[in-house]
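Structure record follows, encoded as structure tokens.
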């Protein structure tokens, strides 16, 4: 593990002397080199002092390398306009290092430390390279929502140290039955995932963030919440049986309400951001069942959503760079202007709504099974969420691709090879991963 972290650290001083694309290529190569670190069982491998990876960590770190590589690929405009491009690369490097350390940490306090550190580069991305002045408000929402829940979690971490005399994940054996500890420990993850009712920071942050900020938020930052819950839910086995039904119901009802909110959106990025809340509501429901199908389905959903949502934000940005608007009223009739991009809209939206052969389909099948085994009443909201997920995906496709195109467009550039490559590198792993889906059920 250390060789990858040191490689990333050594890239920071190199940024000033190399090309923008060298860093992107380094990330890309790293993601392939990291493949040989694969852990094919549920045990921790590559153990060092306080760091190690199992299947869950491996897949999340792999996703981090992949998304960070694609973030740079999507941000050519920053390089061409020389908009602090070196600083941009340094921020992404620091973010990637903190994410690797979060996912490979075996100590609860180190996990918490880098969990909070990863917030700072994300905030800098939004404030530094966002588009509108409202990004300051979005940054404050992101910061305060996360930090308000962080302090109670730190108090509970010290309480765990007092009870167990250790913060190693492997040695946290006590079962905590106090409701206040359950809420304090998990609330920061509920906000990060985000759960309905504490999701308001997400649409604001996505709408104001640059494309790279949206990609890292949708692709990795939301997954930190799911990862933390999957690691720590074992501490709450007994109280979880009583309390999880409430959070399961809230996430399903919330997922349905958010699906209806998606149908009211006129901003493309806002619609995709709200769809993230709906999808991650299903993933949260899977964790709350605390069974094998639920955990495996959540892992599948986290990977699938990370790739599909990130790809959709890239598509929205490609349209935004040409039309200079994210409004669905102006982004109309794109099939007349850029028919080749319509195929990518269709492929990524169909993957997002869980059409075969995407990984989303596998994850939804597993999650629906797990939640039905928990309670048959969940079927009602699962049906509604699945139906309206397809509805808002088709709504976005039909509104953006069909109809007459906006008459105010006077100049237009065609799609570049770089953008096709960017979209293909989102879509291929999303649909080819299902051929190797046994990897996703090894962890548990």
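Backbone N, Cα and C atoms are what each Cβ position is placed from, and that goes for glycine too.
Nobody curates TrEMBL annotations by hand; they come from automatic prediction.
Annotated features in TrEMBL:
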- 1-101: domain 'NADH:ubiquinone oxidoreductase chain 4 N-terminal' (DOMAIN)
- 7-35: transmembrane segment (TRANSMEM)
- 55-73: transmembrane segment (TRANSMEM)
- 85-103: transmembrane segment (TRANSMEM)
- 105-387: domain 'NADH:quinone oxidoreductase/Mrp antiporter transmembrane' (DOMAIN)
- 109-129: transmembrane segment (TRANSMEM)
- 141-159: transmembrane segment (TRANSMEM)
- 179-202: transmembrane segment (TRANSMEM)
- 209-229: transmembrane segment (TRANSMEM)
- 235-263: transmembrane segment (TRANSMEM)
- 270-288: transmembrane segment (TRANSMEM)
- 294-316: transmembrane segment (TRANSMEM)
- 337-359: transmembrane segment (TRANSMEM)
- 379-399: transmembrane segment (TRANSMEM)
- Message: If I count Cβ-Cβ pairs under 8 A between the transmembrane segment (379-399) and each of 55-73, 235-263, 337-359, which range comes out on top?
- Response: 235-263
- Message: Could you check whether the transmembrane segment (7-35) and the transmembrane segment (85-103) come into contact, where contact means at least 3 Cβ pairs under 8 Å with the two residues of each pair 6 or more apart in sequence?
- Response: yes
- Message: For the domain 'NADH:ubiquinone oxidoreductase chain 4 N-terminal' (1-101), what's the mean pLDDT in this predicted model?
- Response: 89
- Query: Taking the transmembrane segment (141-159) as reference, which of 109-129, 209-229, 235-263, 294-316 has the most Cβ pairs under 8 angstroms?
  - Reply: 109-129
- Query: Do you know the DSSP helix, strand and coil residue counts for the domain 'NADH:ubiquinone oxidoreductase chain 4 N-terminal' (1-101)?
  - Reply: 76 helix, 3 strand, 22 coil
